[in-house]
Amino acid sequence: MNRFKTSKFKNTTPKIPKKDCWIGGVRAGSNNVQGNLIKSSCNFVAFNPEHGGGGMVGLASHEAAADGKWPVTYMSCHADQVTDLDFSSFDNELLATCSADETVKLWRVCGVEEQVAEPEVTLNPGEGRLELVLFHPSAGGLLAVSSSRAVQIWDITRDSALAVLEQHPDHLQSFSWKQDGSLLATSCKDKKLRIFDPRAQLTTVQSVSGLQNNRDSRVLWVRDDCFLSTGFNQVRQQEVRLWDSRKLSSSLSSVSLGTSTGILMPLFDQDSGLLVVAGKGDSVIDCYEVSSVEPFLPQVSHCLTESSNRSVALVPKLALDVGSCEVMRVLQLTENFIVPISYHVPRKAGQDFHADLYPDTMGQTAAMTAGEWWGGENKQVEKVSLHPDKRPKSSTKTASRQPAPPLAEQKSKEKSVSSSELSSGSSSMAPSRSPSSTSGLSSSCLPSPSSTASSRQLQSMLGPSSKFRHIQGNVQHRDTHITNLRGINLTTPGECDGFCSSSRHVAVPLAIAGGQIAVFEPSQPGKLPDTALPTIQNSVSVADFCWDPFNPHRLAVAGDDAKIRMWLVPEGGLTETLTEPECVLQGHTEKIYSIKFHPHASGLLASSSYDLTVRLWDLQSEKEVKKLKGHEDQIFGMAWSPDGKLLATVCKDGKVRVYDPRKSDQPIQEGPGPEGHRGARIVWVFEGKYLLVSGFDSRSERQLYLISAEAVCAGPVGNVSADVSPSTLIPFYDPDTSVVFLTGKGDTRVFSYDIVPEEPYFLECSSFNSSEPHKGFSFLPKTLCDVRDVEVARALRLSKTSIEPVAFRVPRVRKEFFQDDVFPETAIWWETSLSAASWLSGSNSQHRKISLQPKDMTPVSEAPKEAPVRKYLPSSVYLEEKTDEQKKDELLSAMVAKLGNLDENPLPQESFEGVDEDEWDD
């Protein structure tokens, strides 16, 4: 399904007004800085002009004066070049600037014609020239500011940084907050994209070599877990890439824009999903729609401008003219003008409010304070309506506002809180604040006590957290691959997994007459010879096949002729072609769908068929022992319960059925399953208490459903949508971690979810992405995982020409200890003490369990507690009361030390040396 074909924004058209509506008299700066040259609030436009050596900031209003012109005024903000600026999302009058003079300043902008003499707050990060500054998207009074290589997190009511993140190895080029404010993404000249979780750790959570060129790049979070990077590819074309932060192994999509040398400047509108990309120095502005399905970045418009771009900015949603169906407004900064470019959806303008174009947008009330965010809270900003009769009256007007209390005053009040009061408060990170002093913002934008109480009740945007959320899948070294595969069967039935593996062998069907199956040895990787290999000749096309869990050399193969053949593979693999099976099971009257071995009883096999029956077979007697009925259509999948007592099926008729084969040939429970009829799979989870079903909904979207095994008739208790794709998601459930991995034949992505028995039931974790589609995925026994490297799962990936091991690891710091929280005792499922006859007579058994802990490792739960090493002072130091004399002495000591060590420690730029372009790593 192509979402772009039905998008209501697909015909969005840019409109450039007449020159009379441009803001003139602007002399835009041509300074080469990393930050923004223009930013907008609902009321004002701030830009970097070519005045006074770069220490000035220009200011204009969105509304014209009485004479129809837009007055422009200039503020002297810094002693050196202004490198970046940003307006607060929660206060239209609060402007932050950073500079090469190593300071960040916050200004109260009350009007274009009112000169601002002094900043309300000045911050001194002390890391040299500052490059970027950005307000937090949900916490008031919280800033991220960067120098050339490091990002600092600041509460504007404090004198010291809350956190100083790990330094980048090369020049930091951009950073961006995730919409919920939990993560920070950065791009660096070393061609890497990094993701930080500042409250969890100061080092990177994830990183990827996502940039192909070391020229200037930008990064920008868009929707959910996706973010964009802009830069240049290997042939020096401008490029936009879309990434999923949960699977950074490869980008979701990329768009090449041309061979221009202009640095790309991206802007994103959260409500419409429209992305604007403009190149610095180019005379074109492109618009795309960020979609959740392919094509991920369909182009919407291509706008040619009269003058070249110096920079661009997005006007906040609350300032748009909804009556004319204006869905986005971009401000283009040129050499002499600020040009407003409006993006309209072709609709009949009038009195009607088009609610489908204008969902509720982020309001201007902070969801929490900086201290609350730093203390671990996650709250979403309350949304407001864009309907003219419902929107906040103060969102675009300033005339009726009362003067705001200066931030410096509020900062002083914050510091007057005693140490005893801080220690007795609810958070050790920040003092308690009354609503009137929250975040040090203007009183006109502060929440009332009632709205503050309601915002505290908003559910966290992140929800429950999984310890497996950052799980990483990596293809193992090429030395472990089996390569030069030829003639693989790419058209196996939908009920078949495509290939299967045991602890000893891998079976792969071939596209050769006679239903031939190749058997490979994972312990013998390398390139296969070009000559023909010995195979299993099944004589008919393969419908499904699987290895006996209690005999890794026995392979069961179901054929199109309604027969099941059992094959024994010699130790060490095939040395000659096998033509005679160990035994043949006959009984079905039509083609077989799938086969499954019993998890406890040796020699007991279940099979489903087009004759709408499920039959159980005793391999020792080579006879059918049970026939289950009750299906009314094609059986998509079946699964034994962990204790082996029950068998569940999912059917094309949209029903999930549970059987107790020893008591009845009819289902003991029946309930609704997936609505779609394209295919489905089923697996038991939580020790048999729930059923997990993967399938399709009525719109052909791939879905996961969680059903209580005790109340199948009640239907799913929870579900989650994966994506849109024609292949059925095949689940592998790890009972030790409760993580389920899912992928389809022909997919490039492996989803992973941490399943929990209460809402929200599905905690999405990072996904694994491959560069080419895989033909199948088969997971290996847990005992093959490298627990020393915190490897929680290992699988084999079948591509068109190779078999590649893939390791799934959980990032941990103290790897010298055994991570017993992710490695509980695991079942010895390859051992059995029960025969098929014993099970049929009513006997049951349970698997023994063993520990995966190596003898020379200590469990992390018993490891000595170590104080975390931080690169910044603890919060107690930030909150320590210091006298003015103490501060003055510290400042003088620092200045003297810096001057005294100048010869001994030269500035970093003095040691920089140029390198040839071919010396950079590709």
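Cβ atoms here come from the backbone N, Cα and C positions, even for glycine.
Under the heading compositional bias 'Low complexity', TrEMBL lists 417-461.
Here TrEMBL flags 913-922 as compositional bias 'Acidic residues'.
Residues of the domain 'DUF1899' (3-66) grouped by DSSP class, helix first, strand second and coil last, total 10 helix, 19 strand, 35 coil. Residues or ranges marked as domain 'DUF1899' in TrEMBL: 3-66 (among others).
Look at TrEMBL and you will find 461-526 (among others) tagged as domain 'DUF1899'. Mapped onto DSSP classes, the domain 'DUF1899' (461-526) shows 3 helix, 20 strand, 43 coil.
Among the features that TrEMBL reports, region 'Disordered' is placed at 385-463 (among others).
Residues or ranges marked as region 'Disordered' in TrEMBL: 900-922 (among others).
Summarising the annotation, TrEMBL assigns repeat 'WD' to 75-109 (among others).
Residues or ranges marked as repeat 'WD' in TrEMBL: 165-197 (among others). Outside the repeat 'WD' (165-197) by six or more residues, the chain places 34, 131-132, 134, 136-139, 142, 144, 146-153, 203-214, 216-221, 223, 227, 229, 231, 243, 245, 248, 270, 373, 378, 380, 461-462, 871, 921 with a CB less than 8 A from a CB of the stretch.
Mean predicted confidence for the repeat 'WD' (585-627): the pLDDT average there is 93. Residues or ranges marked as repeat 'WD' in TrEMBL: 585-627 (among others).
In terms of DSSP helix, strand and coil, the repeat 'WD' (628-660) has 0 helix, 17 strand, 16 coil. Taken from TrEMBL, the feature repeat 'WD' covers 628-660 (among others).
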The repeat 'WD' (75-109): DSSP-derived helix, strand, coil residue counts: 0 helix, 23 strand, 12 coil
Helix-strand-coil residue split for the repeat 'WD' (165-197), DSSP-based: 0 helix, 15 strand, 18 coil
Helix-strand-coil residue split for the repeat 'WD' (585-627), DSSP-based: 0 helix, 26 strand, 17 coil
